[in-house]
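Visitor: Dropping a structure here in structure tokens format, bear with me for questions.
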Amino acid sequence: MNISMASIGTSNLGVLPEAMRFTHQELSLVMIKKFNLARKQFFRQNLTFSCNRKTGISRAIAPKATKATGPTLSSVPLANYVPVYVMLPLDVISVDNVFRDQDKCEKQFKELREAGVDGIMVDIWWGIVEGNGPGLYDWFAYRSLFQLVQKTGLKIQAIMSFHQCGGNIGDDVFIPLPKWVLAIGENNPDIFYTNRSGTRNKECLSLAADNQPLFEGRTAVQIYSDYMRSFRENMSDFLEAGSIMDIEVGLGPAGELRYPSYTQSQGWKFPGIGEFQCYDKYMNTDFKEAATKAGHSEWDLPDDAGTYNDVPFETGFFGPNGTYLTEKGKFFLTWYSSKLLLHGDQILDEANKVFLGCKVKLSAKATGIHWWYKDASHAAELTAGYYNLDNRDGYRPIARMLSRHYGTFNFTCLEMRNSEHPAYAKSGPQELVQQVRFEKRVEQFFTILTSIVNLGNYDLTLYQFMRDQTFFSQQQRTAFFKTLPDHIQVLSVGWKENIDVAGENALSRYDGYAYNQILLNARPNGINKNGAPKLKMAGMTYLRLSEKLLRIKNFKTFKTFVKKMHADLDYYPEYEKPAPLCRSKEEISMDKLLEATQRTKPFPWDEQTDARIGGILAEYWDRLLNKFFLSN
């Protein structure tokens with residue numbers, strides 16, 4: 001799931017509020033000096049300038065990517081190398097199952113290969129391949145694509161995409177589920193996820209259909225298994241040649257292990273809490289049976305959890321002392337999240353059986369739901385099926401489940417911090433101590449500054465800036481540092497369960513600041529010149545291949561990023577050689593999975609990567625600083 005600035009609406013930050021505009025006459029001489037000193041220090045440490053404005057005000061520009069520094073080839077062991085893949089366009093294979101623009105793709109693939117990229121990731125759309133009827137698979141277009149990828153020397157990560165393309169942020173293509181599946185849904189809409197108002201979500205099949213023989217005698221799990229088996233049979237030459245390195249198993253909307261709780265096509269807007277998706281007849285029956293078995297036959301599914309665009313405190317379920325804290329609420333959330341775990345476990349077990357013995361890795365993806373993460377209820381995570389609270393880890397059980405299948409935990413949003421300032425998520429600022437007029441404006445500036453950082457337009461050097469400036473109070477700095485991201489927690493739980501961890505960026509970013517954040521997450525404690533890093537991601541997939549990425553300036557920075565992900569080592573095509581996939585381990589009981597909900601401290605992260613590349617603060621950020629620090 002990807003959240004962009006555009007999804008929030010038109011920004012109001014481009015023009016400072018009237019209340020924040022001031023002249024030098026309003027400020028004491030001491031305050032002016034402190035502002036200017038902080039500004040000069042920040043610019044001196046992070047930016048280079050070109051004086052190309054008629055006003056004489058300098059504008060931040062990026063240092064050349066070739067000036068990036070890092071360990072030399074001879075000083076770094078290969079164990080520090082992190083492979084980089086690039087996600088292909090959603091419609092590289094058209095909805096009518098044709099591989100168009102082959103000459104264009106070949107040219108782009110060669111450019112990626114020359115940049116040192118290790119491979120590509122591509123959606124293998126169920127709605128395209130099995131679109132003509134149950135069991136009627138057409139792999140011709142994808143085979144043509146794979147042949148071209150193989151020819152250009154790139155590796156392949158293949159996503160078993162059992163979901164619709166379209167309806168979410170970043171989806172500019174529409175590829176529905178197979179028509180014959182949608183026809184079954186017309187007669188039995190309960191095969192789709194359903195919210196409390198009865199609205200059906202046709203983005204993917206409900207996990208309630210996993211074991212229901214509703215599809216001409218087959219269950220949903222059997223359909224997924226048959227599809228993957230057909231893929232293996234028809235792509236056996238690519239598997240045997242080692243061209244396909246990874247099989248990512250789609251487990252829900254956008255291919256992610258979650259419920260479709262925040263779908264734009266159903267009216268959801270950021271930062272709404274979303275809605276529970278368990279009101280079809282199959283899920284309702286399952287819950288009633290579970291509640292009765294627990295001795296509470298009177299319990300029903302939640303009726304006080306609000307609607308898509310509510311905020312937590314507007315609901316009885318997520319508000320202060322809300323239902324989520326009661327025995328009934330805890331029982332429901334445990335049931336809701338456990339169904340998701342069982343769903344993922346069963347389908348991954350089928351994938352393991354299908355690809356048993358193949359030299360590939362299996363992986364599954366969870367998404368970074370960062371809005372309302374700082375609220376006590378974690379409402380948006382809960383509606384998506386991640387039962388994650390301040391005192392309960394909702395992600396480690398997923399990692400533990402994956403460990404049974406030798407799976408890789410793939411997580412999104414590697415380039416971002418949490419997109420939500422706590423006050424913004426709660427639709428109002430925190431109460432502040434009464435201050436004089438100027439100090440109030442400083443507080444307003446601090447709030448805007450922090451919001452910008454949380455929306456992703458930042459670099460870790462900004463942390464250094466905030467930490468070192470005595471102009472800001474300790475209370476302000478503490479509040480700033482509390483915006484640490486949830487992906488640190490998620491990556492940590494994967495490593496604690498001894499599984500590989502990989503990731504993706506949520507937004508298509510081309511700036512050094514996003515790349516540096518990814519580099520930090522790829523090796524949280526930096527490069528180890530004496531061996532393998534203590535912590536290191538198994539791989540990173542960049543979202544996504546486009547003409548904009550390949551523009552000269554953007555691609556130069558991207559090539560430097562790839563080099564840094566490789567720890568300044570040369571491209572090494574033989575780095576990844578997966579062992580033959582072993583059979584899944586013994587089934588892990590639900591009690592054992594839920595033991596993993598106990599909170600533990602995440603691994604420590606360095607403040608910034610030791611393999612940073614040159615970057616640029618957005619022109620927007622530069623303009624804001626100029627407006628704030630300079631008089632009208």
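The backbone N, Cα and C atoms fix where each Cβ goes, glycine too.
Annotations in TrEMBL come from automatic prediction, not curation.
Found this in TrEMBL, in case it helps:
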ACT_SITE  Glu256  active site, proton donor
ACT_SITE  Glu504  active site, proton acceptor
BINDING   Asp123, His163, Asp171, Lys365, His370, Thr412, Asn505, Ala506, Arg544  substrate binding site
Visitor: Given the binding-site residues His370, Arg544, which one's Cβ is surrounded by the fewest other Cβ atoms within 10 Å?
Guide: Arg544
Visitor: Count the Cβ atoms, other than its own, that fall within 10 Å of the Cβ of Asp123 (substrate binding site), considering every protein chain shown.
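Guide: Other Cβ atoms within 10 Å of Asp123 (substrate binding site): 24.
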Visitor: Which whole-number value in Å describes the distance between the Cα atoms of Asn505 (substrate binding site) and Glu256 (active site, proton donor)?
Guide: 14
Visitor: So for Glu504 (active site, proton acceptor), how many other CB atoms are inside 10 Å of its CB?
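Guide: For Glu504 (active site, proton acceptor), the 10 Å Cβ neighbour count is 24.
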Visitor: Which number gives the other C-beta atoms within 10 angstroms of the C-beta of Glu256 (active site, proton donor), all protein chains shown included?
Guide: 24
Visitor: Rounded to a whole number, how many Å is the Cα of Asp123 (substrate binding site) away from the Cα of Glu256 (active site, proton donor)?
Guide: 13
Visitor: Between Glu256 (active site, proton donor) and His370 (substrate binding site), what C-alpha distance do you get in Å?
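Guide: So the Cα of His370 (substrate binding site) lies 15 Å away from that of Glu256 (active site, proton donor).
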Visitor: Determine the Cβ neighbour count for Asn505 (substrate binding site): the number of other Cβ atoms within 10 Å of its Cβ.
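Guide: If we count other Cβ atoms within 10 Å of Asn505 (substrate binding site), we arrive at 23.
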